[in-house]
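Some features that TrEMBL has for this protein:
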TRANSMEM  19-36  transmembrane segment
TRANSMEM  56-84  transmembrane segment
TRANSMEM  96-117  transmembrane segment
TRANSMEM  124-144  transmembrane segment
TRANSMEM  164-184  transmembrane segment
TRANSMEM  212-232  transmembrane segment
TRANSMEM  238-262  transmembrane segment
Amino acid sequence: MSSLSIISSPISRERLRRFVPFFVLVVTLIVLFNAAPGLMRWRAINSLMMDNAPMLLLIIGSTLPILIGCLDLSVAAMASLAAVTGALLSPMLGSFAGPAVVAGASLIGALQGYLIGRMQIPSFVMTLGALGIFNGAALALTGANMVGISSGMWLFDGLAGRSFGISNMFLLVLAVVICLQVMLRFTRMGRNIYAFGSSELAVYVSGIRRDLVRSVAFGISAGCGALAGLMMLSQTQFANATIADGMLLPALVGVVVGGTAISGGVGSVVASLIGGIIAVLLRVGVTISSMPPSSQDIVFGVVILVAVALTTDRQKIGVVK
């Protein structure tokens, strides 16, 4: 058997998909640490993870819709709306505004997933419309102004704090990753999510409730988006309608760089966490290289095109249009 046929086999492609993110992460770390040795310090690493915990959470949440072969383009807009809503509700509900916002966002996300199936609307169209609605709602609620929270609320103060010298935000990200990874690996819903992404027709024939699978995937995505927005609110103590602008593209980059196939059925939230760390390091690399801020979007755009080209399962796609 030739080396080319070995590489092109499904098993070899799967191994390559799992190995490449680790390799890219190691190479990126080596390059950055050589360029900026100060990043090796624990304080710098901890601050980096705390500052970028909201983006990591957006990446993790975005993984679920992509695993079923869909896209959630509204997750960053949901983060902005959640930050604004959390700030406005905090005088009435205190720290309980946070759980209320996450629960409400999850219900909205689940409704999106349900409507995608019932109305037969492509997920990117539905969530693109939701993006506009969420942005408009956040702008209407704030009147294009900043809204803030008062100090002394255990939820927001706790998110901004540290435990055992580690950022609580990053610890929360790890907790979400563990919970979702257990769900995907050991529960029936997790198996259904992977089956849905591999073949929706097979899921239909098997009698699995497709609407429920979509609702769970998009509900988790929206909930993670809302939690990311609350993290940003706790970081700055203020929020506006554009607080999460510019985070959608890095979120998608983190998912696909981690090896999750944009066509669905392949990937994990652990892989997305690795991809998210790579995306964070890319942002740092653009900053320390003195490149203009506009270059960041160019870099992310190129990376997402290459990653999608490498991870897409073309055997599942009859016609590209």
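Note that Cβ sites are derived from N, Cα and C of the backbone, with glycine treated the same way.
Keep in mind it's a predicted model, so treat the numbers as computed, not measured.
Below 8 A, the CB atoms of the transmembrane segment (96-117) and the transmembrane segment (238-262) form no more than two pairs separated by six or more positions in the chain, fewer than 3 in all. Counting Cβ pairs under 8 Å to the transmembrane segment (238-262), the stretch among 56-84, 124-144, 164-184, 212-232 with the most such contacts is 56-84.
The list of residues near the transmembrane segment (124-144) in space but at least 6 beyond its ends in sequence, with Cβ under 8 angstroms from a Cβ of it, reads 70-78, 80-81, 84-85, 88, 108, 112, 115-116, 239-241.
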